[in-house]
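Taken verbatim from TrEMBL:
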type: TRANSMEM; residues: 95-114; note: transmembrane segment
type: TRANSMEM; residues: 183-202; note: transmembrane segment
type: TRANSMEM; residues: 208-228; note: transmembrane segment
type: TRANSMEM; residues: 332-352; note: transmembrane segment
type: TRANSMEM; residues: 372-392; note: transmembrane segment
type: TRANSMEM; residues: 413-435; note: transmembrane segment
type: TRANSMEM; residues: 455-477; note: transmembrane segment
type: TRANSMEM; residues: 489-510; note: transmembrane segment
type: TRANSMEM; residues: 534-553; note: transmembrane segment
Amino acid sequence: MAEADYTNNGTVDIKGNPANKKKTGNWKACRFILGNECCERLAYYGMSTNLVNYLGDRLNQGNVAASNNVTNWSGTCYVTPLIGAFLADSYLGRYWTIASFVIIYIIGMTLLTLSASVTGLKPSCDKDSCHPTTGQTAACFVALYMIALGTGGIKPCVSSFGADQFDETDETERKRKSSFFNWFYLSINIGALVASSVLVWIQMNVGWGWGFGVPAVAMAVAVVFFFLGSKLYRLQKPGGSPITRIVQVIVASIRKSNVQVPADKSLLYETVEEESQIQGSRKLEYTNKFKFFDKAAVKIQDDNIKGLTSPWRLCTVTQVEELKSIVRLLPVWASGIVFSTVYSQMSTMFVLQGNTMDQHMGPHFQIPSASLSLFDTLSVIFWAPVYDRIIVPYARKFTGHERGFTQLQRMGIGLFISIVSMITAGILEVVRLNFVRKNNYYDLKYIPMSIFWQVPQYFLIGCAEVFTFIGQLEFFYDQAPDAMRSLCSALSLTTVALGNYLSTMLVTIVTKTTTRGGKLGWIPDNMNRGHLDYFYWLLAILSFLNFIVYLWISKWFTYKNATGHPQ
């Protein structure tokens, strides 16, 4: 069979043979990946969207404790991807990492369902409150953190695994890959739509056992979807430990700190073969930044030990550029933390705000406050195809860029929209509190003000997601060295983790500061006597400052340039 029938990006099929372009990859493989992601996200959001209410109602936690426990757990769900990414890039590959961690995920989902439905594991409740034992609380949190580990193994691999199905050395497939990230994020939100509407309603009206049981079944369906496509997948070979290669460059650079880097950069060490030494990775061209690390590629007499070159003394230009790529990504990565803090409010403060408002749709039906996140999902479902089919072709006419906007421009637009979303949420809270004061509704559980006034803030965050989160997925995949793509995808996910942890820290600091002297503070259990609007203004100010810094970072950034073929 002709060489043109095979991919040029080093991918293989499930049997380890070079991947055939006609028989593997592309959209025929991605439909299984998208189906898997849709079901897995349905399971995740079906459990997490209303978690703050479960911890409050069944585990008898106050607003601050429940909110902080949710953001801490959510943060952990986005830190554990570093574990999955390391295993995928170093040893197992993305396919087998996903296949391994789904087992932990399903065990966690099953235990959570049992802790909410089986007598002895679920808390006993009377008309006024529930009375969880220490063991019951522990069972719930063990289940939650098993889920956090399971999703951590899967999350950094799925988007990169989907992008692996397109050979970026093929111009046609490269264009399809850009669209993949939009449809990937759309599939996430279709799952989230069902979770935030149907599953939240089941939890609040049928019971938490069914409310967690259905997501567990959805996770099982996700596993079936994933394995059904096995014969069609293209697998990227693991390239060995990226952490080791990074440390080697740092160590070699320090050892040669007194060595002069030659003016002619072609004298720096690189293999003469067209392929890179790193399994599954193309060579990277030299870039003129972070020059200290260039010392690792300077050849000196001491580099050879017993006739062999030690990678702890001499590194290739490609290996040095891998480290430079990671360092270049870090400022962009850091700018996503505040955005993720804003995003995390949908599962905490937005829900608590909505809990105080009139949730009726007509005379007989009440919408749970957590279900309003479906408007965020609907916003994403609306904007993702609009961006891909309308905005990109229109923007392309003016910018001349094949994607309409550069990835950095796209993320910047999302950061700006997130500022507007916080301002909108703050304005609503000012109006709500004025309504409470005017009518003396301080002790009213539900004030006569429709919860649907929250829709604009959810809709704006959904729009911001399409620009920033999808832009991040594409950016971190494209700018990552070939053999570090899972790791860089995990790095992008850790912004969500740190955003949740930052939210926890802000809530804790604000609570301690504003409750001094016996005051109720900004976020009391009775939200009608608090000042949640001040917290929204704080987030808006932080988002604005973050946006200004991001503009400077985006001007400074240099995109990578890969050459040659992977080994």
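The backbone N, Cα and C atoms fix where each Cβ goes, glycine too.
Taking residue pairs at least 6 apart in sequence, the transmembrane segment (372-392) and the transmembrane segment (332-352) share three or more C-beta contacts under 8 angstroms.
When Cβ distances are compared across the two stretches, the transmembrane segment (208-228) makes no contact with the transmembrane segment (372-392), since fewer than 3 pairs at least 6 residues apart fall below 8 angstroms. The transmembrane segment (372-392) and the transmembrane segment (455-477) are in contact, since at least 3 Cβ pairs between them lie under 8 Å (pairs 6 or more apart in sequence). Highest Cβ contact count with the transmembrane segment (183-202) among the listed stretches 413-435, 455-477, 534-553 falls to 455-477 (criterion: pairs under 8 Å).
Listed by sequence, the residues of this chain that lie at least six past the ends of the transmembrane segment (455-477) yet keep a Cβ under 8 A from its Cβ atoms are 159-160, 163, 178, 181-182, 184-185, 189, 329, 332-333, 336, 339, 342-343, 346, 350, 372-373, 375-380, 382-384, 387, 407-408, 410-411, 413-415, 417-418, 420-422, 424-425, 428, 485, 488-489, 491-492, 495.
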